[in-house]
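Quick look at what TrEMBL lists:
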type	residues	note
BINDING	20	[2Fe-2S] cluster 1 binding site
BINDING	60, 63, 95, 97	[2Fe-2S] cluster 2 binding site
DOMAIN	159-344	domain 'FAD-binding PCMH-type'
BINDING	187-194, 277-281, 290, 334, 352	FAD binding site
BINDING	699, 730, 827, 994	Mo-molybdopterin binding site
BINDING	829	substrate binding site
ACT_SITE	1176	active site, proton acceptor
């Protein structure tokens, strides 16, 4: 939080900001509060921190400090905020673990009006425990800064760094002189444009001028014809000024202000708006600016100044292809912007469509204004500007000129659409952007403007103007983000259970408070080691090529560069075999994908290492073929062996006897893990016996040890891996973490120094693989469900039946070999893809036979004790219970009727609803992969130190293990401590994957504790009334060992692929989800209205943690199936390399009503305390949103008389939804269909 003091008004302003964009030089005179300053466990935990932790709002905890700061800053400005203010404050924050619900639960406790969540719901936390928020107890603004602001004359500030100079002038004249001297120096106010250019594009500015302190650039003037705002005003300030103006002035005068506000509400997040300036947004002329089209269309004026000259130009001129002297010259400064009042008979609107509703750059946006001849609908003046379409904002000049004098009617609309499509020529793009979608939006936006203005004309004069049909009106309202209502239903504790026994209770995450205070330590928080070096990797820029030469001469000359590490520096093995094909540490002679590590630079700082890495020159010779897609792999017959097949019944005969056969295919895109903590490792050589301490963010310390020992040629007993906690992983911190740790270890070995490697988000996304993309091909006979399937990977074959009994089935799996980074495990591991294929053909059958999808699902669901297609027995009783309970809790049939009613009354907006069952098999396929060990020490003061092989990455495993130990030892959780997972305490531990962490480590902890209790039992029997401490003291005096290991051999799982049968799974989790959505047919945008989930997870060890896992997985599933789109260039370069281009769900994407119920009285005899492994299963239920969207699209197409069968792929983005809602506008663009929709 940044706090500044304004001496003139004597006001203190607090605002949140992104630390990564905030230059320290810009903070002169400001007070900075970080999460540590808000509160700590050493001083006092602040109510924001306490409530976030106690409401279970942190899982991995890496994003929690950011959440704390956003909420804290809002409360400093508004101690009792509205829920709208709270939602807006969090729009710029991302969380990958929680699904946001528990974070919002914490937020609601501060809001003015508490929302009424459902009565049946029991809170997972107790509000009685919260300390009250007392604004008088907050940190004061430092008096010395206040005195400095009031008494010190403002002076020019200059800061000189290693490569650049920062100059901050205090007067306009001084600024104009500087600009004349340094015409190329950028003006920097919020650093939201210059900062990313320097960081991501390598743009370098030796001199930067920061004019934010100049009064003329911060002016706010109210004139007769409008408002004049200083160019340095932040977008947040502009928003506040315009909001007040809209309240203050009559509506007729504020239409421009309202349209600008419409864009400001969703432009970036609050943290960016607090920094970004109005002038910077205009002058950068970016095509993605949401403000420029509306400001240009509204006839805003720019006040420019240069030495000895001031002038005023219309804002639209800076987009007029730089004609004559209209554009801004290098020495000119934009001083202020004049935004005019609107006039009578003038209508102004702004539109945008983005990959995510908030905090996302637009695909296309628009600003439109029309002025009518007084008292008529004859166009006197018309302005149409678009952004996002080409390289800058563009004006449809010809169209506007042609339409002047026309009446505002259907003929004008038809002509306008045709003209504007002809005039706005969109270049074909190779960055994966779809031109057709942009063109469709261009005309759809104009149509929306046409509807708005027609309705306004009717309001003005109902006798003369018909307005628009009732069923069109809902499209005039954009989707807004509301504070979600949520319900959580979980089992009661048995009355006989001891109050001290924590199992089954919603216990707070053991690190929750530390997450919220910023005291939780991750790899990059470890203090620097003496002589430590920083490593930056150099990656391949070619997908398949021979390395001709590597020139490191320029890089080695860089400041602070210590050495360059290549394959020649690897002492032993450079290749690691986890399967038939090796994982390579450093590419030696050739590269097989873009992003493969070729070499690495070590230097005395992260910046120096990165600067040098950029100077390494690699010469390539391209090799053929370059295979980037599944289709290309099929074409080149590029597959991994073995190809797998499973068969049941007689498929060929079943197909011979029927007429109705459905064939189809679905493409499912990959998914980036987007853990909030990127891959991180610190390797510290100990200086003797080749020992190394490795601190690494991984799910599998043992594999790190194995890969490092192989690459360094030392025994495993010299490599000590330590993991305290991981900032999110989801399957993405296994093998690649091992390769990266080896890169750092090789560097540490060569230099004999500690080496730190923290990947930037862009490098992380480029180097590491994600979820496997799929193509599922199916052929189904609908009468008796006979299926022939082709898809990818063993696990997906075993799990493809989802919840259905398929009498005749043949499925084959082919894993494709491509020139992209190797994909890896990702939550659900094959099931989310193969089960989506199954649900797709189930829906296809429903379409074909004219029954509802839920009927087809019910008919074919496993009903009684049956066998799966690989002959494993299952009892589907809880599957049926989940389905029926979800039907009932979601009131499915009555809501379906309401959806039908809504759809009859609305043409351009449609709702959809879907319910999907789930059978999720639990198991890792072989026994040795699920073995586990634990080590428990009891010290003579009675305290217990617990360690096990599981990794804490947000799923609360350490919290649950402490709950287990607390029950077994019959002592309070507060007596038990978990320090870290390490290869020194638990050797050869299996990876924390496959939802198995709690199951297997819980058994090991239980075993160790029971061993200790057996040893203590004679002492307890002798002194039954003694305390725990008495018994431990006595045990020590009797020389009873107070340390024990516990062990679990693993589950007896097996699969015989030759016979196509086995028992690869130990048990099944069941669930069902019902989701309702609403789509905007003109843009493809959608809103998640409501989701009800029922899950069978046995007896929950910790309902707060388990419900958090279900919700977090579900929201990740929404991302997979509806939003998260990976885009590659034709050369195999990943375009979507960061939060700018790759959109994960944010607060605006979660359902407005979100209910999770745990199935009651469910037992699981196979796992600890009858629980079930819960981490992954919920992700697939996100496809209920996919099928609800499909339902809405189907209803649109049925109403418009379009053919039944149509294919939808995953992710089902706004672009696909818009293209499937075929109408006159898509027809104009693509020429698909002629109907009378407009």
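For all residues, glycine too, the Cβ spot is worked out from N, Cα and C.
Small disclaimer: the values here were computed from a predicted structure and weren't measured.
The Cα atom of residue 60 ([2Fe-2S] cluster 2 binding site) lies nearest to that of 827, taking the binding-site residues 20, 187, 189, 334, 827 as the candidates. Counting only same-chain residues at least 6 apart in sequence, those with a Cβ under 8 Å from the Cβ of residue 193 (FAD binding site) are 276, 280, 284, 286.
Among the binding-site residues 277, 279, 334, 730, 994, the residue whose Cα lies closest in space to that of residue 97 ([2Fe-2S] cluster 2 binding site) is 730. When the Cα atoms are compared, residue 95 ([2Fe-2S] cluster 2 binding site) and residue 277 (FAD binding site) turn out to be 27 Å apart. Residue 281 (FAD binding site) is 42 Å away from residue 1176 (active site, proton acceptor) when you measure Cα to Cα. Taking the C-alpha positions, the distance from residue 189 (FAD binding site) to residue 827 (Mo-molybdopterin binding site) comes to 42 Å.
Shown are the recorded positions 20, 97, 191, 1176; the one with the most C-beta atoms within 10 angstroms of its own C-beta is 97. When the CA atoms are compared, the binding-site residues lying within 10 A of residue 829 (substrate binding site) are 994, out of the candidates 20, 699, 994.
Model confidence over the domain 'FAD-binding PCMH-type' (159-344) stands at 93, taken as the mean pLDDT rounded to a whole number.
Residue with the densest Cβ environment among the binding-site residues 730, 829: 730, by other Cβ atoms within 10 Å. The binding-site residues shown are 187, 277, 279; of these, the one with its CA atom nearest the CA of residue 827 (Mo-molybdopterin binding site) is 277. Geometry remark: residue 63 ([2Fe-2S] cluster 2 binding site) versus residue 699 (Mo-molybdopterin binding site), CA distance 19 Å. For the Mo-molybdopterin site, whose annotated binding residues are 699, 730, 827, 994, the maximal Cα to Cα separation is 13 Å. Neighbour density around each Cβ, counted as other Cβ atoms within 10 Å, peaks among the binding-site residues 60, 189, 334 at 60. Across the structure, residue 334 (FAD binding site) and the residue listed as '[2Fe-2S] cluster 1 binding site' are spaced 26 Å apart at their Cα atoms. Around residue 699 (Mo-molybdopterin binding site), the same-chain residues at least 6 positions away in sequence with a Cβ under 8 Å from its Cβ are 726, 729, 731, 733, 734, 737, 951, 953, 991, 992, 993.
Each of 58, 59, 61, 62, 64, 96, 98, 676, 727, 728, 954, 1112 belongs to the same chain as 60, 63, 95, 97, is absent from that list, and has a C-beta within 8 angstroms of the C-beta centroid marking the [2Fe-2S] cluster 2 site. Rounded to a whole number, the C-alpha distance linking residue 187 (FAD binding site) with residue 20 ([2Fe-2S] cluster 1 binding site) is 19 angstrom.
Excluding 699, 730, 827, 994, which define the Mo-molybdopterin site, the same chain contributes 729, 731, 732, 825, 826, 829, 953, 992, 993, 995, 1175, 1176 within 8 Å (Cβ to the Cβ centroid), listed in sequence order.
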